[in-house]
Amino acid sequence: MVATNRCCVFALLVALLLIHSLAEAGKGKEVLGKIKNKLVEVKEKIKAGWDKLTSKSEYACPVIDKFCEDHCAAKNAIGKCDDFKCQCLNS
C-alpha cells in the first residue's frame, strides 16, 4: 500500500514537471536567444581586443615570435618575426 502511494506521488511529480517544462519551452527559446546574443557580443569583443593587440608590434611580436620560432623549428630553420610575418631562415 505504501509503495503504491509513493509511486502515485512520483508519477504526479513527473507529470507536473513535464507540464511545467512544456509551459516554459517558449520562454526557454527566449533565454537561449539572449545567451546566444551575449556569446556573439563576447566573441566580437575578444576579436576586437586581439586585433587591437596585434596592431601594436611591441605587444604582438612576442606572441607571433614564439609561434614563428616553433613553426620554423619543425622545419629545421630559424624563425624571425618581421612586420607580423613569419619568415623561416635556413640555418
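A Cβ is built for glycine as well, from the same backbone N, Cα and C atoms used for every other residue.
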- [ ] Name the cysteine that pairs with C88 in a disulphide bond per Swiss-Prot, restricting the answer to C72, C81, C86.
- [x] C72
Task: C68: disulphide-bonded cysteine as recorded in Swiss-Prot, out of C61, C86 - done: C86
Task: Spatial neighbour of C81 (disulfide bond) that is closest, considering only the disulfide-bonded residues C68, C72, C88 and their CA atoms - done: C68
TODO: Determine the Cβ neighbour count for C68 (disulfide bond): the number of other Cβ atoms within 10 Å of its Cβ.
DONE: 21
TODO: State the Cα to Cα distance, in Å, between C88 (disulfide bond) and C68 (disulfide bond), rounded to an integer.
DONE: 8
Task: Per-residue pLDDT averaged over the domain 'BetaSPN-type CS-alpha/beta' (58-91), given as an integer - done: 75
